[in-house]
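Colleague: Structure provided below as structure tokens; questions to follow.
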Amino acid sequence: MSKGSDQIYANPQKNIADFSFDKKVVEVFPDMISRSVPGYGDIVQGIGNIAKQVVTSGSQVYDLGCSLGAATLAIRRQIEGKQAKIIAIDNSPSMVERCQTHIDAFVSSTPVELQCADIREIKISNASLVVLNFTLQFLPPADRLQLLSTIYEGLNTGGCIVVSEKLYFKQGQIQALIDSLHLDFKRANGYSELEISQKRSALENVMKPDSIEQHFARFSDAGFKQYHSWYQRYNFCSMVAIK
């Protein structure tokens, strides 16, 4: 396979470490996520389209868990001329370093402030849009409501939060069916049974999906009155909530 192709779990590993967004992952991340997350490109494009609708002049946009900046760049393309600022945050130094090169590769009048930090410690203010694109599921479940409450407080009236997540389904047969569809998606994208199994083991302790009912209850508990899913493919969903 070519350089940049995800082969991290292609060979048998005696001891499978917990998954982390380290330098190895950064090198293959675009390939990994496109082959693992159904609809990822559609979601990123959709986030840009949402930004075009909701970002207001002089406000701030937060991309929390920005990884390599795909959502940040999609947003920036859609909000030129609005005098808004994007604050993109990730806790992986390797991700932030590579993200900066992606941001610098495009000329734009919209400033992007990139930070290497824990998103749970960030103050949100004057926000018209906050994005958590496959980020919340990597936080300890006990920390998720507090983060959403902090975001709610920092959003301007009419502001939006977009949360994209892998979902868990409470109904056992539904969970099994949709999980099988996702596995077939990964097989069709060239992942072997060994790769699928080893990555699943690596993610087991670090990614804890919620059901959509849990997400909606959390939105409500954080203060949001209006929320819904706007995109779903198999067990991957993106939701929007409006203050």
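Heads up, the Cβ atoms here are built off N, Cα and C, so glycines get one too.
TrEMBL: automatically predicted annotations, no manual curation.
So TrEMBL says this about it:
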type	residues	note
BINDING	Tyr40, Gly65, Cys66, Ser67, Asp90, Asn91, Asp118, Ile119, Asn133, Arg200	S-adenosyl-L-methionine binding site
DOMAIN	61-159	domain 'Methyltransferase'
Colleague: Which of Asp90, Asp118 (the binding-site residues) has the most other Cβ atoms within 10 Å?
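Modeller: The residue with the most neighbouring Cβ atoms within 10 Å is Asp90.
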Colleague: Relative to the Cβ position of Tyr40 (S-adenosyl-L-methionine binding site), how many further Cβ atoms are located within 10 Å?
Modeller: 20
Colleague: Determine the Cβ neighbour count for Asn133 (S-adenosyl-L-methionine binding site): the number of other Cβ atoms within 10 Å of its Cβ.
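Modeller: For Asn133 (S-adenosyl-L-methionine binding site), the count of other Cβ atoms within 10 Å is 24.
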Colleague: Going along the chain, which residues six or more apart from Cys66 (S-adenosyl-L-methionine binding site) have their CB under 8 A from its CB?
Modeller: Thr72, Ala88, Ile89, Asp90, Met95, Cys99, Leu114
Colleague: What span in Å does the S-adenosyl-L-methionine site cover, taken as the longest CA to CA distance among Tyr40, Gly65, Cys66, Ser67, Asp90, Asn91, Asp118, Ile119, Asn133, Arg200?
Modeller: 25
Colleague: I'm checking region-level scores; what's the whole-number mean pLDDT for the domain 'Methyltransferase' (61-159)?
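Modeller: Reported value for the domain 'Methyltransferase' (61-159) is a mean pLDDT of 97.
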Colleague: Take the domain 'Methyltransferase' (61-159) and count its residues per DSSP category (helix H/G/I, strand E/B, coil), listing them in that order.
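Modeller: Helix/strand/coil tally for the domain 'Methyltransferase' (61-159): 41 helix, 27 strand, 31 coil.
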